[in-house]
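Q: Quick one: structure below, then a few questions.
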Ligand code: BES
Ligand code: MN
Ligand code: ZN
């Protein structure tokens, strides 16, 4: 989709042509390797005259000084090198890429004054570049006509000079797998709902077979046999049939129980009969952000051959309003046997996940389950759009997830669960209803899910605020962020491999 740059690593050497990209630390400090590109005196003059302070991810592009064969010189700030986290390296990489413009060749001198740049840092920097380069422009038929949106004719060749190119390249192989997973998740979420319905989504999942992921797609007939009345009730108002996709990656020991990720895949959420207001309804093409993250994660784990057994399950439906649509007041029977009074057809994500979670637990007996869902508007009221809500019945899992969030920059914040909240979904007509009162909407939704996970360690990530409509950052200019892929790759890498 995007003009993805091609990235390679090399040892420090003279930069003879093209664009040179140099790091500048706080207070304008530069490394000897950077100074040698145009000489220390000239570099410090450029930094002084432009008052470039080296703030994290600040950047500046100038015409290269006379007397060199270079075209441009780009300065990128690192802030205080002692404080850099993985996420900061992504930001620096993203900022660097944003200044490359239409350059064909660019060389990055990845050296900091007074601090070492590890292979891991270099890989994160490169990952930031790849993620920044992403654009969703496949439906733009008139590309780059305007002066201010010049298109790259070919992908830029970027050479990153580091102390140990071999180690950096190795670390980058993993980072590239993660980048591919994030790009896949973003593509799925950005795709409009007329193009990507449940059947088409399932077809995209089947492509993971190429990476040796085992894929099974359940049809409505299969799901009916299993008794998934809760999921099917949501799908029944759409002309497009539902699917349940099951992905398995066996990278661990044969007998090891798998870990499991479950996603809400509502390819479009009109609200159903409890229809949503017109303004902003288009955004509900992204109501499969949880399922997209699970798919992207499976892609990432399989391409980097993660040493772990993983199951990914996504419930894919379209929430629409034809003559067969589910009505408020309908009572459905979930696969677990529990009955649900559907008082609001727009609280459909939990109905889909109820059967997906129960099925996952019942069939795979996983070590734990983490589900991701663009589940409630209420989570945005609580946390804004910079952290996803984390709900869990297990403090260890919650802690591991929280830490993976801080490490990756895809941050979480733990929210409460409890009997007081659970009672709010009791109803006299059935085992439960699918909405509670006016307050605590994100918690009520989580309580509903908890009724389908038994005693298995479980966490629910409400990504309604973070998966789509995302604010632009140094490494994401996309409406769909791909939130969850880097977070969960990190969770797996730090806790469950080898
Ligand atoms: N998909 C929505 C939640 C959502 C809203 C995601 C905005 C992203 C942006 C979900 O299905 C929904 O409609 N939730 C309702 C629940 C309510 C009816 C209890 C909501 O949040 O309003
Ligand atoms: Mn809804
Ligand atoms: Zn929804």
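Just so you know, glycine gets a Cβ as well, placed from its N, Cα and C.
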Q: Say TrEMBL lists 264, 269, 348 as binding Mn(2+) 2: which of 222, 287, 330, 394 is in the same site, per that record?
A: 287
Q: For the C-alpha pair, I'd like the distance in angstrom between residue 350 (active site) and residue 264 (Mn(2+) 2 binding site), rounded off.
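A: So the alpha carbons of residue 350 (active site) and residue 264 (Mn(2+) 2 binding site) sit roughly 8 Å from each other.
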Q: What three-state secondary structure does DSSP assign to residue 269 (Mn(2+) 2 binding site)?
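A: Looking at the DSSP assignment, residue 269 (Mn(2+) 2 binding site) belongs to a strand.
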Q: What's the CA to CA span in angstrom from residue 269 (Mn(2+) 2 binding site) over to residue 346 (Mn(2+) 1 binding site)?
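A: Approximately 8 Å lies between the Cα of residue 269 (Mn(2+) 2 binding site) and that of residue 346 (Mn(2+) 1 binding site).
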Q: In angstrom units, rounded to an integer, how far apart are the Cα atoms of residue 346 (Mn(2+) 1 binding site) and residue 287 (Mn(2+) 2 binding site)?
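A: Cα-Cα distance, residue 346 (Mn(2+) 1 binding site) to residue 287 (Mn(2+) 2 binding site): 12 Å.
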Q: Ligand 3 is in the model; which of the recorded positions 264, 269, 276, 287, 346, 350 have a C-beta less than 6 angstroms from one of its atoms?
A: 269, 287
Q: Among all the protein chains here, how many other CB atoms are within 10 A of the CB of residue 287 (Mn(2+) 2 binding site)?
A: 28
